[in-house]
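Heads up, the thing below is written out as structure tokens.
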Amino acid sequence: MAAQVSEKLQDLHLNGLNGDAKSNATVIGQTEAGEAEDDSDDEKEDGNTAPEAGAGGGAYLHVWVIFEMPVSQALGMLAYNSRIPAAKKKKRKSKKKKKGGAKVQSSPPRVPVSNLFPNNQYPEGEIVEYKNENSYRTTNEEKRYLDRMNNNFLQEYRQAAEVHRQVRQYAQKTIKPGQTLTEIAEGIEDAVRALTGHQGLEEGDNLKGGMGFPCGLSINHCAAHYTPNAGNKMVLQQGDVMKVDFGAHINGRIVDSAFTMTFDPVYDPLLEAVKDATNTGIREAGIDVRMSDIGAAIQEAMESYEVELNGTMYPVKCIRNLNGHNIDRHIIHGGKSVPIVKGSDQTKMEEGETFAIETFGSTGKGYVREDMETSHYALIPDAPSVPLRLSSAKNLLNVINKNFGTLPFCRRYLDRLGQEKYLLGLNNLVSSGIVQDYPPLCDVKGSYTAQFEHTILLRPTVKEVISRGDDY
């Protein structure tokens, strides 16, 4: 019996113990001195294997009980001990690697939307089926095939639209009275550049993506085409009605959308009138629809509203000399106009075209004129070749061609590129018919104007309101 016990003890490799139960009790639940902890996750656990020396405290506890009992009991204990599972080794939890790319937008917006949608599949806009004689397009196989062929075209538009939505929703939350217009405009423009991934400081970069045109911040009676020039100190006031109109583009696919901000609920009926008119225009637009029919529907919706200001009721009037327009690649104003009043234009919308449906309402005369300092400019597509005598004009034209092409720009954009003393050359390009200037457009002073706008795509099968969002 004693020999059997001795053999069992040798099998357990206990010859390193000193025989003092008290001194060895400290090793219960510990590894032997000098034995490193094993973090391998691959080692198999075997429930039928006796614990190795130093593998854990269980073996030591049973061993020291053996020296205090008769041999028969000791052998029984050894038999029991052989069935105890080996002490579990401490496993180190492996840290999961974080996947690259942010999953949410930052505040202020600075994460490119391509990081948020790594598969380059961007949310589609509002899908509206065609009606009347075009209702067949939704299920027509030939049209569906044509629609599938345009996937890259659609994804570029949808990416630009997602940029616009994220930037404007941040702007709506953060713009407050007391901010300068320069601060507001640059905040929006910086966000668009960051989210498209194109800062526009290197030659040609702005042609790949970024601002589709300068951020317009037209106040009160000014309806359109106002953005601050360098040195502008104008501050947004509590009683102001501000139109925020900006574009984002990817590879020249421009998404043009605008909204109006107020900080006094007295202007709500004015905003409701214009929003209703814009949505009416979107609803009526479609393949083979005549422009005159769209304008008549818009006017009827707009002019059914009135607004009370300081105890006086004002009818909301369409600004009759402002229009929506089609959008071509890298060209914000194509050759077609979408009127917002009844007229005789028999031009039709066509399959594959992109339109900016925008409406303007006013408490004034409903007619705008050029006023105030010009800030918006654009190279005229296919402008005739004209000899330029001013070297400053030649140099500036080169800068415009390489950085903007036919995309609109403003003076602040030239400042940002490091251009200096360019005004004389810029005016020479305008007078030569190479560059078009776009002065601010204003109704009578004391009146209030509002604007809402969306970009729509006339796809072969459906109409997609590409810039639609939860906000408007």
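Any Cβ shown, glycine's included, is placed from N, Cα and C.
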Which of these, His225, His325, His330, does Swiss-Prot say binds divalent metal cation 2 at the same site as Asp256, Glu358, Glu453?
His325
Candidates Asp240, Asp245, Asp268, the one Swiss-Prot lists with Asp256, Glu453 as binding divalent metal cation 1
Asp245
Residues near Asp256 (divalent metal cation 1 binding site) in space but at least six apart in sequence (CB under 8 A)
Gly212, Phe213, Asp245, Gly247, Ile327, Ile332, Ala356, Glu358, Glu453, Thr455, Ser467
Compute the mean position of the Cβ atoms of Asp245, Asp256, Glu453, which form the recorded divalent metal cation 1 site, and then list in sequence order the other residues of that chain whose Cβ is within 8 Å of it.
Gly216, Phe246, Gly247, Ser257, Ala258, Ala356, Glu358, Gln451, His454, Thr455
Using a 10 Å radius around its CB, how many other CB atoms surround His325 (divalent metal cation 2 binding site)?
19
Rounded to the nearest Å - Cα separation of His333 (substrate binding site) and His325 (divalent metal cation 2 binding site):
6
Counting across all protein chains, other CB atoms within 10 angstroms of the CB of Glu358 (divalent metal cation 2 binding site) number 26
Among the binding-site residues His225, His333, the one whose Cβ has the most other Cβ atoms within 10 Å is His225
Counting across all protein chains, other CB atoms within 10 angstroms of the CB of Glu453 (divalent metal cation 1 binding site) number 24
Can you give me the residues near the recorded divalent metal cation 2 site, meaning same chain, not Asp256, His325, Glu358, Glu453 themselves, Cβ no more than 8 Å from the center of the site's Cβ atoms?
Asp245, Ser257, Ala258, Gly324, Ile327, Phe355, Ala356, Ile357, His454, Thr455
